[in-house]
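Lifted from TrEMBL, the feature list:
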- 20-39: transmembrane segment (TRANSMEM)
- 51-71: transmembrane segment (TRANSMEM)
- 177-196: transmembrane segment (TRANSMEM)
- 202-225: transmembrane segment (TRANSMEM)
- 246-271: transmembrane segment (TRANSMEM)
Amino acid sequence: LFDSVYPFYPQQRKAFVFDVSTIIVIVVFLTFACSFLLIIPGIRGRVRLYWTLRVLLSLVVGVVIVAVQFTGDWETGWVKANTSYKSFSRALVKADIGLHVGLGGVNVTLTGNPVSQINETINYNEHFAWRFGADYDHSYSEGLERGLPSPILYVAEKFTKQSPCGMHRQYRISSHYASATLWVAFCTWLISNMLFSMPVLVYGGYMLLVTGAFMVFSLLSFSTVRNSPMCPIQFGIATLRTGYGGSFWLTLVTGLLCFVAGITVVALHYFNLDLLKTFFDLHEDKAEEYQEMTEVYINPHFVNEGL
């Protein structure tokens, strides 16, 4: 206590909507998309539609691969509970407690129901990072020193290294491998785009398949935490249960999209190469290809020699 006052924030942190890094990634890819839309009127005929479809689909895949690295909803869970709000206090509050697990750490949210209770505004969001270079236990210790609400500290404590639950090791290692495989998928996505700009379309299709495979590998890596027994997060009779979040399913859908696109390109290469070249604007005009020469110049020396 400090002068008989509990140590809390001078101003509560509000629940987040988007992470700043996610917004930056989305803005960068939207800039590329808008730049392309500005030049698309200069492309004539059906090729304009093909270019638009190819570029936008490619940008969607790229922005998903990068953005999900920074999102915090790979695994989410909510619970409504009557719980204590402050240490050394018997006061109970009605609140929604949320847990959001990302590849870089966990976010714990606490929202009052209603927001204003016991003469305070209950609307918190706290991030505890475990990426390389970040110390999760140090972040938790700082939360203790700042006097975070008890429900947030209780949930965050489950992921500390000293916790008997062992959840820190499970989630941290799985998240690191998932992040690494996604960066490999981003590299293969770049290579596929370079190959599609050259007359080696089938190899671009193969790289799309590799991109989808690495995205699926990242999902398998993250899902390994489900194979270990989960430590219960209990608030009275209410239990906080988690399930796969939006980023997990978005990565799965994008990986399947890469598989479909890659298989389509490879199949067209072997069964309808002309259609594939037309779609990628690499089809040569047969009229020009087989155009007969109107004038022929012959060296008289070779004619006289009988050659």
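Just so you know, glycine gets a Cβ as well, placed from its N, Cα and C.
Automatic prediction, not curation, is the source of TrEMBL annotations.
For the transmembrane segment (202-225), the neighbouring stretch richest in Cβ pairs under 8 Å, chosen from 20-39, 51-71, 177-196, 246-271, is 246-271. When each of 20-39, 177-196, 246-271 is scored by its Cβ pairs under 8 Å to the transmembrane segment (51-71), the top-ranked stretch turns out to be 20-39. Nonlocal intrachain contacts for the transmembrane segment (177-196), taken as residues 6+ away from its ends with a CB within less than 8 angstroms of a stretch CB, comprise 54, 58, 61-62, 65-66, 68-69, 74, 103-104, 203-205, 207-208, 210-212, 214-215, 217-219, 221-222, 251, 280. If you look at the transmembrane segment (20-39), the same-chain residues 6 or more away from its ends with a CB under 8 A from one of its CBs are 52, 55-56, 59, 62-63, 66-67, 69-71.
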